[in-house]
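Pulled from TrEMBL, these are the features on record:
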| type | residues | note |
| --- | --- | --- |
| ACT_SITE | Asp22 | active site |
| ACT_SITE | Asp172 | active site |
| DISULFID | Cys161-Cys326 | disulfide bond |
| DISULFID | Cys213-Cys262 | disulfide bond |
| DOMAIN | 1-298 | domain 'Peptidase A1' |
| CARBOHYD | Asn82 | N-linked glycosylation site |
| CARBOHYD | Asn235 | N-linked glycosylation site |
| TRANSMEM | 336-361 | transmembrane segment |
Amino acid sequence: MKLVDNRWSEGLEWHELQILVDTGSSNFAVAGAPHSYVDSYFDSERSSTYHPKGFDVTVKYTQGSWTGIVGEDIVTIPKGFNSSFLVNIATIFESENFFLPGIKWNGILGLAYAALAKVLGGIEPSLYKGDIWYTPIKEEWYYQIEILKLEIGGQSLNLDCREYNADKAIVDSGTTLLRLPQKVFDAVVEAVARTSLIPEFSDGFWTGAQLACWTNSETPWAYFPKISIYLRDENSSRSFRITILPQLYIQPMMGAGLNYECYRFGISSSTNALVIGATVMEGFYVVFDRARKRVGFAASPCAEIEGTTVSEISGPFSTEDVASNCVPAPALNEPILWIVSYALMSVCGAILLVLILLLLLPVRCRHAPRDPEVVNDESSLVRHRWK
């Protein structure tokens, strides 16, 4: 996505920024200082329309983080909308594992729930073919959906469907890989390794620590199986299936070798979610329909590599073989947890104060001398203790 951000104070030109649209966060932020992996950045001091708000913000993702200065400015989306908006914008001055080698963007536009007031976009019929299959949004924070099962090479992993949704399953355009809970990831790796036509792979390939390389004249995709994800349909008694071919999850890495073409495994483990990231989304036209609380998937005419279609979508299928609800009970979100924590701390503090008073007051009453002028062993100890 391209944003035209700010007229310079000289009024001579517009500053164009390439923006990553991220459905897994809710902040708008751009590079605000030079960075070795960013080709340009936004210099707020040269903008005649920028107004600082006087505070910083830090955002942490499942991978990477950044800190920026918050202000407001006018941005224009040049294509489609061709209009300008006054928006809050964070200019990033410090980051860790956020700007990465080879990126082609200068900032991020979060389109998840809560923080944004504007809903952008619509459905463009020329960008998909066939029907759009919709799955309901289960919880309005991320775009959380319900996954029913996974298949490797047409064979189900046979895991409890709750494993796929613990603690959530989301669609996130800001995540590069397909990320799976550890138990699901281990099962996928075992199934892919067993199904593939390659006798043995280093563990480092599956964990992302190593690349697998073939000669330039050879491609590895024929060795690996298809991966299918079943999603619950809007009609809860039905499901539909999105399938990616190896061309999407066995990913070429540019510049890895002169005589070899090297590839990485486009799937990784996650500690807190199943994330359908760009590895899967690149194969489909995806609709984030907040008005009707649903996410849609359709076949994309762009999902071709060397003349081969690299994704499939099909359905409907019966859901009789899975639980009626595969999503665990929603956990309390962070603000509520803080409120509960402070309430419990207050209650514990009050109880502790009462216990201290109960311990102290009886002792004073029990040992107070009847005659203040009489001093004996017992009264002396009490007097010295409470002096």
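Every residue gets a Cβ built from N, Cα and C, even glycine.
Unlike curated records, TrEMBL annotations are generated automatically.
Overlay of TrEMBL annotations on the structure.
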residue: Asp22; record: active site; CB count, 10 Å: 20
residue: Cys161; record: disulfide bond; CB count, 10 Å: 21
residue: Asp172; record: active site; CB count, 10 Å: 22
residue: Cys213; record: disulfide bond; CB count, 10 Å: 16
residue: Asn235; record: N-linked glycosylation site; CB count, 10 Å: 11
residue: Cys262; record: disulfide bond; CB count, 10 Å: 16
residue: Cys326; record: disulfide bond; CB count, 10 Å: 21
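Comparing the Cα of Cys326 (disulfide bond) with the Cα of every entry in Asp22, Asp172, Cys213, Cys262, these being the recorded positions, the smallest distance points to Asp172. For the domain 'Peptidase A1' (1-298), the model gives a mean pLDDT of 85.
Ranked by CA distance from Cys161 (disulfide bond), the recorded positions Asp22, Cys213, Cys262 have Asp22 at the top as the closest. Cys161 (disulfide bond) carries a helical DSSP state (H, G or I). Asp172 (active site) falls outside any helix or strand according to DSSP and counts as coil.
Between Asp22 (active site) and Asp172 (active site), the C-alpha separation comes to 6 Å. Rounded to a whole value, the Cα-Cα separation of Asp172 (active site) and Asn235 (N-linked glycosylation site) is 23 Å.
The DSSP secondary structure for Asp22 (active site) is strand.
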